[in-house]
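First the structure, in the form of structure tokens, and then the observations on it.
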């Protein structure tokens, strides 16, 4: 609970350069005095805030020396948690870190719950809830663009957009409630047309965030991408080229890949959850047939299909069936083996089969065409404008989390109901019900209107030292 002093290891387990034990709370100074002996200068009570000190860590019971360490001392409220904070920077072995934590707990701190340091930062007003959640997104970012989106949220880009929409809603709500509560006052009636205009403008802002949430989901979870094609067209070679390592087995024997091989790759800043699948063909081999069925299952769930064809061979019935089955779905046709002099594939026939589907000539063996593929996928994820930037030069706010998306969807739905109410001549009383619900749903994102159960669920996903 807030008010006591907590401690936890803040670095990953195992050996490393340093191991950090973090302490936060009103008793942090007492813990520090009980377990640390400075090598030089004044005692702990005379230390300035945000200073480093060399000394030894001792056990408070028998005063045995545990380790030589640097201590960082930070005084409230200018700390991450807004409380007094001390960090013990020990040698990075499991034993000195464990012994230091044990000494700290013995001196009066208790072991922190998962995410409790960040929760205290939220409760202390250091961060709002969206910013607090961004910390775990920074840690788990899979690519440069994913990191950029997380840092943008941590810096408050999303929170500022949400608060702007909430302020607009609140201004409209306040005017309507004043008209209801003080009918005797000579307040201007803004009229149903003005109300509709304001509501649609607010709804557009929410709709824009929802539209960009697809990109946010891709950066957070990865774009589910499946490499498909008949056997021996170069699917595994393509995956190895994208991974830049020999991950899949490449042979001249059709049917070598019998099970799906899944990897995360960073393709120009976009995280792809890429799957190399068994070649699609009719086969009597039971194991290979299971692999083909799995390929079809992956294809049904995919965000993108990379269809690999052999440019040195004619289109087969299997190729054509596969291409026709992908009509209307996000897919890119990759004509492989473009490094070979022999080219038998009928390009006019191919174009007639795929319509507007992009076609790129590649050589998985030589790496040709991969840059063009990367640029195409970036456009498919981001659009022609890329990630985009806000007026202040920072990245535009992206909605990356399902919780935020669901809250925006609820707010959007309440605004739609409010617009319907205005269109049907409903009284301001009915209108304010949906406006309040929309305002509260948005507040769940920043933590202004959120219950303890939601906070428990969010912070329990953090690691103990965060």
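Counting begins at 1 with the first residue displayed.
Heads up, the Cβ atoms here are built off N, Cα and C, so glycines get one too.
Swiss-Prot lists 22, 87, 126, 466 with the feature (6S)-5-formyl-5,6,7,8-tetrahydrofolate binding site. Residue 87 ((6S)-5-formyl-5,6,7,8-tetrahydrofolate binding site) counts 19 other C-beta atoms within 10 Å of its own C-beta, drawing on all protein chains shown.
According to Swiss-Prot, the GTP binding site annotation covers 232-237, 251-257, 276-279, on the basis of sequence analysis.
Take the CB of residue 232 (GTP binding site) and look out to 10 A: across all protein chains shown you find 20 other CB atoms. What Swiss-Prot lists as K(+) binding site is 232, 251, 253, 256.
The feature Mg(2+) binding site is assigned by Swiss-Prot to 236, 257, with sequence analysis given as support. DSSP assigns residue 236 (Mg(2+) binding site) to a helix in the three-state reduction.
Feature annotation from Swiss-Prot assigns domain 'TrmE-type G' to 222-382.
Other Cβ atoms within 10 Å of the Cβ of residue 22 ((6S)-5-formyl-5,6,7,8-tetrahydrofolate binding site), summed over all protein chains shown, number 25. In the shown protein chains, 18 other C-beta atoms lie within 10 A of the C-beta of residue 126 ((6S)-5-formyl-5,6,7,8-tetrahydrofolate binding site). Of the listed binding-site residues, namely 235, 466, the sparsest Cβ surroundings within 10 Å are found at 466.
Calculated from their C-alpha atoms, the gap between residue 235 (GTP binding site) and residue 466 ((6S)-5-formyl-5,6,7,8-tetrahydrofolate binding site) amounts to 42 Å. Looking only at the domain 'TrmE-type G' (222-382), the predicted model's pLDDT averages out at 80. A distance of 57 Å separates the Cα atom of residue 87 ((6S)-5-formyl-5,6,7,8-tetrahydrofolate binding site) from that of residue 232 (GTP binding site).
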